[in-house]
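Below: the structure, in structure tokens.
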Amino acid sequence: MPFTVATWNINSVRLRLDLVQRYLGEHAPDVLCLQETKCPDELFPREAFEALGYGHVAIHGQKGYHGVAVISKLPFGDVVRQTFCGIEHARHLSVRLEVNGRPLRLHNFYVPAGGDEPDPAINDKFKHKLDFIEEMRRVTSFAEPETSAILVGDLNIAPYETDVWSHKQLLKIVSHTPVETEGLLVAMQDGAWADLIRARVPMEEKVYTWWSYRAKDWLAADKGRRLDHIWGSGDLVPRLLGHSILKDARGWDRPSDHVPLSVTLDL
DNA sequence: ATGGTCGGCTCCCGA
């Protein structure tokens, strides 16, 4: 049975509720993970998703900043909201669900962006980002026995050369510096995660999920980066049926600067 | 050429 999990940095779930509704209506993933909801839990538009058949919603929000949510057609349990680096930011949420009898742990992450200056000695936000991905190494795909695992989210790092529009021009730009890309790949290796999008897209092919608001013509310039990711435990790789990166959504009215992406698995 | 544009209990900060 095909199971589709999607992830989208929505940059305010209340402002862009119509876009989320459109995405769910047109693409109907089984589970959608949101980041940057920027919404206190008591104001989260839960009912709007329930009305669309997404009766199971978990949120980890805070006022004004960050915030993650899991919106699901399928029931889930064992909701965990982890904090990282001892900092009380709403950047993680995980749930346990069962798809056709197969237990599945799903992690939803919003990794700190890291500011502009890629030097942890002078930029606390960059230090926080490096510490955060260091701590992510302990989030593994094999943590629970007999349980498959998926990790999605805005990881704010484009690890490979073909994950950015210009590798050379971005080497000193936060999101593509070697200390970040190497750190993220170590976290992926330590957790025995497989990059499910790169399992579908040849490494030679450029893939982006984010285009800056600042470009005057984002589509013509096409200076994107692959900041959003879907990782899975190794057992899921042979079960991959398809993937989608909805670049069109960047051109929707009042868009997020990130687009939704998903994988479909045969579970 | 070091800009530019978003969103949020907004006149700055984080992205």
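Glycine too: its Cβ is placed from the backbone N, Cα and C atoms.
Remember, TrEMBL labels are computer predictions, not curated facts.
In this structure, A:TYR110 (active site) is part of a beta strand by DSSP. The active site annotation in TrEMBL covers A:TYR110.
For A:ASP154 (active site, proton donor/acceptor), other Cβ atoms within 10 Å of its Cβ number 27. Residues or ranges marked as active site, proton donor/acceptor by TrEMBL: A:ASP154.
A:ASN156 (Mg(2+) binding site) counts 25 other C-beta atoms within 10 Å of its own C-beta, drawing on all protein chains shown. Residues or ranges marked as Mg(2+) binding site in TrEMBL: A:ASN9, A:GLU36, A:ASP154, A:ASN156, A:ASP257, A:HIS258.
Positions annotated as site 'Transition state stabilizer' by TrEMBL: A:ASN156.
DSSP assigns A:HIS258 (Mg(2+) binding site) to a strand. For A:HIS258 (Mg(2+) binding site), the same-chain residues lying six or more positions away in sequence with a CB closer than 8 A to its CB are A:TRP8, A:ASN9, A:ILE10, A:ASN11, A:ASP154, A:THR209, A:TRP210, A:LEU227, A:ASP228. The feature site 'Interaction with DNA substrate' is assigned by TrEMBL to A:HIS258.
In this structure the alpha carbons, written CA, of A:TYR110 (active site) and A:ASN156 (Mg(2+) binding site) are 8 Å apart. For the recorded positions A:GLU36, A:TYR110, A:ASP257, counting C-beta atoms within 10 A of each C-beta gives the highest total at A:TYR110.
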